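K.L.:
Okay, here's the structure, questions in a sec.
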């Protein structure tokens, strides 16, 4: 974080902003190559970003209802951290759908073209989490990959003073003891995998909507397998917990991911059949 007088510039916001602009440019180039008019896309993308952020914050708030019922104004303080990528995809996707229904803008080509940008956003967000220190904390672990934060890394101690919520106190205490799963890096790896996969899906593209639904499918799977089991998040369905290895099942994200996987498979099959019937 860089402090300029009363203004705090956080790595998280800087990196996400860069990812948005780069993703926007990649989408424009892809749509131009496909022969689509760019003007409608340029109109809708601003609102897609706005409602993507709203959806991301709302998704995070819904996973911690107790805290935000007691502190409702905190739901507006997005700079305090806490965004859900599932919520971002939903908010942005619904915005594209609204403009599709109201103004006839293309839906699936726009969503397909946006997938590399979303992947970049995941990578940027997780690197920002790492720079902030206290975000997306990992569970304690005895595995060799466990990481102990050095004393000079002030991100975690900085969030501990003055905390009233007992779960946050526990989170701070756990992180200070270490070693922990470095889940910020796990999440960035998920984003990188999705970036390369999305570029492959766009080249393959047997039909419009293919890249988008493949993205939703594999984001849900990869995050549920490679990141969520190791994060210090409450278990909505406490099916399995190993405090020695630092593994827990199932978090809210994992629970939400299952219907998204099923929906993605259904939509891929449906859109694929529609394309086959037109041939």
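Every residue gets a Cβ built from N, Cα and C, even glycine.
The transmembrane segment annotation in Swiss-Prot covers 4-24, 44-64, 76-96, 104-124, 182-202, 206-226, 245-265, and the record cites sequence analysis as its basis.
Walk me through where these features lie, including what they touch and how far apart they are.
P.N.:
Only residues 6 or more beyond the boundaries of the transmembrane segment (44-64), in the same chain, are considered here, and those with a CB under 8 A from a CB of the stretch are 20, 24, 27, 75, 78, 82-92, 94-96, 99, 105, 110, 114, 252-253.
Within the same chain, residues 8, 10, 12-13, 44, 47-64, 105, 107, 110-111, 114, 118, 121-122, 125, 132, 134-135, 212, 216, 219-220, 223, 253, 256-257, 260 sit at least 6 positions outside the transmembrane segment (76-96) and bring their C-beta atoms closer than 8 Å to a C-beta of that stretch.
Beyond the transmembrane segment (104-124), the same-chain residues lying 6 or more positions past its ends with a Cβ under 8 Å from any Cβ of the stretch are 15-16, 18-20, 22-24, 26-28, 30-31, 34, 36, 40-41, 44-45, 48, 85, 88-89, 92-93, 96-97, 187-188, 190-192, 194-195, 198-199, 201-202, 205, 207-212, 215, 219, 271.
Same-chain residues lying 6+ beyond the ends of the transmembrane segment (206-226) with a Cβ under 8 Å from its Cβ atoms: 85-86, 89, 93, 106-109, 111-112, 114-115, 118-119, 122, 186-187, 189-190, 193-194, 197-198, 253-254, 257-258, 260-261, 263-265, 267-268, 271-272, 274-275.
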K.L.:
Give the nonlocal contacts of the transmembrane segment (245-265) in its own chain as ranges (CB under 8 Å, at least six residues past its ends).
P.N.:
63, 84, 86, 138-143, 146, 180-181, 213-214, 216-217, 220-221, 223-224, 228-231, 233-239
